[in-house]
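Trainee: According to TrEMBL, the FMN binding site annotation covers A:D54, A:T92, A:H142, A:Y146, A:S217. Look at TrEMBL and you will find A:24-381 tagged as domain 'Luciferase-like'.
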2 protein chains.
Amino acid sequence: MEIILTATVMGLGMHHGSWRYRDGDAFDYVDPDYYAHIARTAEAGALHAIFLADTLDVSEERFARPNLGALDPAVTLAVMAAHTERIGLVGTSSTTFNEPFNLARRFASLDHMSRGRAGWNAVTTFVPAVAGNFGGTPLPAHDQRYARAREFLDVVIGLWESWEAGATVGDKATGTFVDAARVHALDHVGEHFSVRGPSTLPRSRQGRPVIFQAGASESGRDLAAQYADVVFTAQNTIEAATAFRTDVRRRAVGHGRPADALKIVPGLLPVVGSTTAEAQARKEELDELRGVGPELEKLALRVGVPVEALELDEPLPVDLIRANDGFRGSHGFRDAAVELATRRNLTVRELLYANGGGHQQVVGTPEEIADTIETWVEAGAVDGFNLMIDAFPSGLEDVVEHVVPLLRKRCLFHNEYAGSTLRTNLGLPPLP
Amino acid sequence: MEIILTATVMGLGMHHGSWRYRDGDAFDYVDPDYYAHIARTAEAGALHAIFLADTLDVSEERFARPNLGALDPAVTLAVMAAHTERIGLVGTSSTTFNEPFNLARRFASLDHMSRGRAGWNAVTTFVPAVAGNFGGTPLPAHDQRYARAREFLDVVIGLWESWEAGATVGDKATGTFVDAARVHALDHVGEHFSVRGPSTLPRSRQGRPVIFQAGASESGRDLAAQYADVVFTAQNTIEAATAFRTDVRRRAVGHGRPADALKIVPGLLPVVGSTTAEAQARKEELDELRGVGPELEKLALRVGVPVEALELDEPLPVDLIRANDGFRGSHGFRDAAVELATRRNLTVRELLYANGGGHQQVVGTPEEIADTIETWVEAGAVDGFNLMIDAFPSGLEDVVEHVVPLLRKRCLFHNEYAGSTLRTNLGLPPLP
């Protein structure tokens, strides 16, 4: 089985020590050449897609963790599109803080400008402070966000599909530009949105952008099962990942979809060294450059307790975490952190070092990383991995130069792109 | 005096016959290579900027006029940024149908991804049908739109300036990433918006994107005088242009700004031929391929009367136009059309052919076009022109290859870019 590999670009690296560890300026993450190099490197390894996170606020970051997804993802991905030919370009964007017409047009534009390589990672946004930049009312509760997200996805997909494939006539002799009978108004009137449509843009080469989704809650899983092509998830164990994949695929079938129309891609943070000791040294240096203060604040936010409730050399206060009925954050990140800490009996400090930005972390040689990937794949736990790169560009170069060739030898990864669109390259069924 | 020249890209050309006239596919306007070629051509001529319009609706277009600004301007400009080094990249975006935090981040991202070459053309949107894609309530009245626009600009500029120049420390040795004392929350609470800030992004190389504005009404002129760096306007005569420039510069002084901090750039549609007859033949062929039906609908929309009120071989119904108290469209386009029709005593049909997409039109040799430009410049009527290209790429290639060299010989146009940012190249004063 050949798997999907994507690479997440979050500032200068997923590890918050990356800006001090890597060569290059601390503000390279706003330089276009930085993104051009990343895109070309990932495409040289035939990775399926670049995956950009989205940061709509820096107040909670307090600037101690400069791994910011600070740029508009669609603008950044458009630059990467211009420097590449085949790799997919997936941007995160919030259903809570956008208008569906604008978002649909933005990602449809990226899809055209990349000739069918765009993807949208639909999120509802779980960082409370973001709301302060959009009207000042509190972040809506989880269920409210998901109700809006569902309607938002209906509108966006409706707009993307408002031009039939045969609508683009372009007959210069007769002067028929479009077959207007094949371009359909949406006339959506719902609880949250009223959108007439149609889209200003024809269908793209892949029909419409690929939809990524990352919710782990009940509502999140159901949303993914109904709408998503790819589910990005945080899973620490093969057992949990298998259970998650089985559940989401079952839900997809419940929505009348083939189970394999939905690809399950957990995060994986590899820290690569030519020996295990070298990998561990890289990890230790990154950790030392980072410190624990800002990490502790991030963990507190993720598990939904005040930072004062976390003691570095004590276990995670699991009872307190479970008692938080009003939790508005990411269930996926919270549950994965609790699972990892309790299963391995970790102190808070140990959890901070063991936790790869909320995702499974493997510190080792290319062989050891390939072994982990192979084990998970053979167990049927995943359709691939979204690689959290610790520090750019070296972390990505290590993957492309050393891990990808091993995966190819083991027949776990394609030698080249299957086609020219992201939908084709991910092995997704064609659109109806 | 050296003038500013920008080029507007609107689909396949400003002339609605362009898609049938030009070589190439009718849907080239969603192809990235099309934009890459335009950007490189314009940069080869050292044009100051590419200027993208914004179309948020196609229902009123009825697909008969495929000169659509159908793509998201910022995404398209990001692709053009990746193919160029010096040319400015100006995108239109609506203050009525965006959130200021998202728009500020999008254009700041374009500014970083182009290393300081971005501009934002702030519009309030005058096409009523657009409202149907954003909630279904009617387009707000002119004054309401401008009240929102004013607050919107305050927020966007506030976000763009929320990081002081010295905030980006990036000291790896000490671990100081940002001087947090130099990054300021906005804490804006106003009638339309509540935005905490700060921006997620540091200042760009030019400080912040250049602001273009295009309002001709009282509110529009005053908004331009307060906030804009460049005013794009529709003017048919030297006298009207001079009066407009004098008025807006006077208003700028009233806002405590130097008069020459504001550059006045009317639209100009050149139709170029190596002889006058050749230019006229190009124009006639374009007109014939276009027909008058869709043009008539567009004109009706622009002057604010039902299409049935326009008779092709009668004069424009000026009294009816002036009697429309509830007019919500662009005052600039309406007034320019009325002025042109009455001054030259044109029938509606003649107006359709004389009107260059709402702008002054010159059909002739490169010398004749350079003569017009020189006359307007010598009269002190303008700081430059925003060139409406009739059909891409030939209309742009003609300008770059034949008109620009003549302007250089006459010392009316720079031989090369003055610097690397749009602000520098436009001769704007540095930001405080």
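In case you wondered, yes, glycine gets a Cβ from its N, Cα and C as well.
Surface or core, plus neighbours and distances: that's what I need for these features.
Mentor: Counting only residues at least six positions away in the same chain, the Cβ atoms of A:F51, A:L52, A:A53, A:D54, A:G69, A:P73, A:W120, A:N121, A:V123, A:F212 sit under 8 Å from the Cβ of A:T92 (FMN binding site).
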Trainee: Just how many other Cβ atoms lie inside 10 Å of the Cβ on A:S217 (FMN binding site)?
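Mentor: Looking across every protein chain shown, the total is 18.
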Trainee: Can you tell me whether DSSP puts A:Y146 (FMN binding site) in helix, strand or coil?
Mentor: helix
Trainee: Which chain-mates of A:H142 (FMN binding site) that are at least 6 residues away have a CB under 8 A from its CB, listed by sequence?
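Mentor: A:T124, A:S217, A:S219, A:F327, A:R328, A:H331 - these are the non-local Cβ neighbours of A:H142 (FMN binding site), listed in sequence order.
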